[in-house]
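Annotated features in TrEMBL:
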- 124-143: transmembrane segment (TRANSMEM)
- 201-221: transmembrane segment (TRANSMEM)
- 233-260: transmembrane segment (TRANSMEM)
- 272-293: transmembrane segment (TRANSMEM)
- 313-334: transmembrane segment (TRANSMEM)
- 387-406: transmembrane segment (TRANSMEM)
- 412-433: transmembrane segment (TRANSMEM)
- 445-465: transmembrane segment (TRANSMEM)
- 477-495: transmembrane segment (TRANSMEM)
Amino acid sequence: MLNKFIALTVAAFSLFIAIPSSSAASDIPLLTWERGKEQNIVLGGYTNQSSWEIQLVAKGQNPLKFSKSTANKDGYFVYSLFLPKDFPIGAYRVESVGTSGAANVVAGVQVVELLFFEIIRVPIQLLFLLTVLIFLLSTLSTLRIRRFEQMSYLQSKSEVHLAPAIASFYRLRRSSVAGVQRSLFKHVIKKEGELLHKISPALWALLPVATFIFGSYIGIAAGTELGIPNIPILLFVIAAIIGVFDPYSGFTAAIGFSILQTMQGHISSMRAVGALMAIALSWLAPGLISSIYREMIAKDNLPEVIKRSIPTLFSAFFGGAIFYSSELLLSSLLDRTGAIVNSRIDLPIAIGIAVLLKERLEKMVDRRALLSDGNIEVKSILLSRIISPRAVGILALFFAGVTYIWTQSLIFALSAALVFIVPLLLLQIRFASPVVSALARVPRNILAESSIVSAVSFGIFMFIQSMPFEVIQKGKLIILGAAVPLIIHAVFSSLSDTQDREMVDAQ
């Protein structure tokens, strides 16, 4: 207790001496800012203050300049500054510098440790997360065109002879996947499991059991005190890498983790439930999504030279991006910091390398199977729909819950969930009309379309960043504004699909 009192006294004294004494000292506000977040100051009015430069100053350190918004209708400006997560804590002062070069103290600031991560107060990371989501959703809208309806891959034939104990786990895995509603993701889960099945049917049957136990162990290793924020990073990444090689096993690891965390009493709030879903995404989505891109880009209209490498390289890049986004999402749903709350770039790189290694291993196993007398056949699937209605409902609730946690606004959360779910709702139906004949002349390309939609969303982000709003207000506008080009593209894809199928029927 004595040490805490001394520390507080020293901090208060440091803040006091950091602010020059003056007759107006009593009017200077004293602020507490967390590092790792964007901080704002509103100044101005119809005075010469509009020409000020604002900076954060401390003895012995270079001043940090605030960025300045456009003026609002009353002539006020919002000055913004992002404090990095490793920014030195201590006492600072905010100074205004006029055209004459004279500096005036605007506020005193005590910079403290990050208490918990708020992604809506970190615009760049919010932009990254939204860009990955928008790129993915626009890709799903593009996948409804006819040339992506067919999926083919090599699979082991169904005649498998295993020991009775292993055979029961084999049947359990097969029946659990069969129970999933028809969708692109169901077929990809089956396809991605074939690598292990061709190597060893017994391994294919037993790995989900092993990862369930492994996930349970991670739940124990997280501890009974801190829970999810204290997940060991190494174990977290190992589970994600396993999920790259077999997404179903990544999912069973998440199930095991969830059960152990629930038994320890950590899953008792909306934040905790959302965090569990984010962990499941981290261990399941990189393998699934990277496989979809590798498969579909290979069918796109690209030069043959590019087509040899782009599908593999982009799938590895996007697999790492999906993992990083899932990690950001997880951090944004936790109410305290811990080992798992980080933004290290080496972890997504490890996931991207795992995607590349899996692709190489898959080619080797397929080549060996084709050259031998292996029990191999070609499996062809006609995709009747991209995503199931049940999955759309779950995602709508997830979007609403996450946005509510970020903003604490129920109305905004429902609005955001609605705008992001519109592209998925459009995937559930095919329109007979209107038939826009001009769309027949528009070439379709997954990477080009998703890149354009993401670039327009980025432009909207930059425009909103310059507006005279505080960081939380800007975050809300960014979430809604970034979805506008996504909805426009989804409508375009629906109309293009209608035109394409009309032409086929006419022939």
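Heads up, the Cβ atoms here are built off N, Cα and C, so glycines get one too.
If one looks beyond the transmembrane segment (477-495) by at least 6 residues along the same chain, the residues whose Cβ comes under 8 Å of a Cβ in the stretch are 123, 126-127, 130-131, 134, 137-138, 141-142, 144-145, 403, 415-416, 419-420, 422-423, 426, 430-431, 434, 436, 439, 449, 453, 456-457, 460-461, 464-465, 467, 469. Here the transmembrane segment (313-334) sits against the transmembrane segment (124-143); at least 3 CB pairs are under 8 Å, leaving out pairs fewer than 6 apart in sequence. Same-chain neighbours of the transmembrane segment (387-406): 118-120, 140, 180-186, 270-271, 273-274, 277, 329, 332-333, 412-414, 416-418, 420-421, 424-425, 427-428, 475, 479, counting only residues six or more beyond its ends whose CB sits under 8 Å from a CB of the stretch.
Sequence-distant contacts of the transmembrane segment (272-293) (same chain, at least 6 residues past either end, Cβ-Cβ under 8 Å): 136, 139, 143, 184-185, 188-189, 191-192, 227-228, 231, 236, 239-240, 242-247, 250-251, 253-254, 257-258, 261, 266, 311, 314-316, 318-320, 322-323, 326-327, 329-330, 333-334, 351, 355, 358, 398, 401-402, 405, 446. For the transmembrane segment (201-221), the partner stretch with the highest count of Cβ pairs under 8 angstroms, out of 124-143, 233-260, 412-433, is 233-260. Sequence-distant contacts of the transmembrane segment (124-143) (same chain, six or more residues past either end, CB-CB distance under 8 Å): 82, 184, 289, 292-293, 296, 318, 321-322, 324-325, 328-329, 332, 343, 383, 386-387, 420, 423-424, 426-427, 444-446, 449-451, 453-454, 457-458, 461, 475, 478-479, 482-483, 485-486, 489-490, 493-494.
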